[in-house]
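J.: Dropping the structure in here first, questions after.
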Amino acid sequence: MPQYVLTAAQASAVDQQLQRAGLLDLAMEEAGSAVARLVQQQYPAGRVLFLAGGGANGGDALVAARHLHVQGREVEVLALPARHRLTQLNRRRLQAVGVACRPLKAAAAQRSVEAAALLVDGLLGTGFTPPLRAPLDTLVHIINAASCPVLSIDIPSGIDAHSAEAGLAVQAQHTVSLMGWKPALLFGESAARAGAVTLVPLTVPAAWVQAQALAVRPTDAEVGAMLPARRNDAHKGTAGHVWVLGGHPGTVGAAALTAAGALRTGSGLVTVHSVAEIPLVMPELMVHRHSVWDAAFRAFGDRRPDAVAVGMGLGPDAAHIARRVLSWNIPTVLDADALQPELIGHGHDSCLWTPHPGEAARLLRTSTPELTRYPLEAARALQEQLGGVVVLKGGPSVVAYSGGLSVAQGGHPGMASAGMGDTLSGILASLLGQGMDVVQAAVAGVRLHARAGERAGQLHGYGLSATDVASQLGAAWTDLTSETHPTRERLSFRV
Ligand SMILES: NC(=O)C1=CN([C@@H]2O[C@H](COP(=O)(O)OP(=O)(O)OC[C@H]3O[C@@H](n4cnc5c(N)ncnc54)[C@H](O)[C@@H]3O)[C@@H](O)[C@H]2O)[C@@H](O)CC1
């Protein structure tokens, strides 16, 4: 089952459905027991201090405290007055098994924090609306000064579930996200506050969550199923021919990296067209140097590849060249210098636009900080303007298509280096050239790139390069397809 991304309002709408179905009590029980299980697994010794708010987030904390107490763990619970009906109910249940709920005051919290081996933050969840009011602000300061690890339930207290920004908010080591991801757990400073995130999907009908969800996060098995499986009689003519139009004196490496990315993703033939001298990074590449772009287009005549990537290091003529390529109406990846506002309105359904946040801000005529505050909305706005499919690159990348958003899993911080986007363009063009649908090519391509980055990151850490990532693409493909293509892979090896 895919994972989903929900805003606070969307999570609350599912809660109301659960409430109407008489299932909300069970959902809170499941949430609290999952938190208790995680505590036992990851933080198995010492006193656990729970700080519980008055809403349902506090209710989850009270359920978790009861489960741990019943399992013999030493727990201490400090709670604000319970406002939510189920939080009141779980307070009575906790007291019934012999755990006192002491009032949550700053002085008591300060003393208790010192004796705790783990602090569970159940103050505020998705019901929080900024700014933080007293006494919660003082409590957040106390939590952040604690020397023990902090585990937050659903979202660190003080984080607005929708935004990638973070003001005064809990810094957690671990967050247990309930039902689905919240945008804040995926992007920017707010994601850094959450620490490691464990998703607990809860026993909620998938259709209820899907109907509300802002975005989907496909699993590796789902991505693997999208990738094409080859027949044993495949040859270079059936594996797609990609053209790379890029490079300019001073930025020739970009086109070479794109071409290498396409070859390593399995393209049968890759040809680079440029007016600059492109380094032959792999001898399997075909490189055509043209005197000027007009001559290049004359030489192309009516010949077309299966897919084209345009823009990488292409320089000042990029918008003009990209416009001519768009008139071919074939699967096209537009990257880097080709991402210009003057191309708005010239795209088609088989276009894949791949801006990083700076390029996206240029296209939307906004600032980069404004854009990165709400990456999902930004990706959607870009797709509405540009048409086709948009990959808004980042950690994680977002794919926006007509009617939907998808957020990639995984990746590695070492991927923050020059040339990574060029490699991604090659991957995407390769998948398009192998006949993939443009949405699936985007979703699978960003995950393939991220998976190759994870593998390269294990070898090179923060020193990994785009070339290292390209070298891991074959292995990444095998990882993603291991569940879905096993028989075919085995057959291929026997031949
Ligand atoms: N379907 C789900 O995802 C489920 C969610 N559950 C929990 O329900 C939570 C949402 O519960 P609620 O809607 O009751 O909300 P919360 O528990 O997040 O917070 C509501 C409380 O916070 C206070 N508050 C809000 N903004 C504040 C501010 N700026 N300063 C100080 N206090 C503020 C409100 O007065 C209210 O008492 C989720 O985060 C999750 O923990 C679970 O109970 C199980 C099911």
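In case you wondered, yes, glycine gets a Cβ from its N, Cα and C as well.
What TrEMBL says about a protein is an automatic prediction, not a curated fact.
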J.: Say TrEMBL lists Lys393, Gly394, Gly395, Pro396, Ser397 as binding AMP: which of Gly419, Gly421, Gly426 is in the same site, per that record?
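T.: Record check against TrEMBL: AMP site with Lys393, Gly394, Gly395, Pro396, Ser397, extra candidate from Gly419, Gly421, Gly426 is Gly421.
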J.: Of the residues Ser147, Ser157, Ser163, only one is listed by TrEMBL in the K(+) site with Asn57, Asp121. Which is it?
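T.: Candidate listed by TrEMBL for the same site: Ser157.
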J.: Suppose we screen the binding-site residues Ala56, Asn57, Thr126, Thr129, Asp154, Gly421 by Cβ distance to ligand 1 with a cut-off under 6 Å; which survive, in sequence order?
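T.: Listed by sequence, the hits are Ala56, Asn57, Thr126, Thr129, Asp154.
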J.: Per residue, counting other C-beta atoms within 10 angstroms of the C-beta, which of the binding-site residues Thr126, Asp154, Ser157, His356, Gly395 reaches the highest number?
T.: Asp154
J.: Run through Ser157, Pro396, Ser397, Gly421 for me and report the binding-site residues whose CA is within 10 Å of the CA of Thr126 ((6S)-NADPHX binding site), in sequence order.
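T.: Of everything listed, what lies within 10 Å of Thr126 ((6S)-NADPHX binding site) (Cα to Cα) is Ser157.
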J.: Pick out which of the binding-site residues Ala56, Gly59, Lys393 has the most other Cβ atoms within 10 Å of its own Cβ.
T.: Gly59
J.: Do me a favour and check the Cα-Cα span between Ala56 ((6S)-NADPHX binding site) and Asp121 (K(+) binding site); whole Å is fine.
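T.: That separation, Cα to Cα, works out to 13 Å.
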J.: Max CA to CA distance in Å over the AMP-binding set Lys393, Gly394, Gly395, Pro396, Ser397, Gly421?
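T.: Spelled out: the longest distance between any two Cα atoms in Lys393, Gly394, Gly395, Pro396, Ser397, Gly421 is 13 Å.
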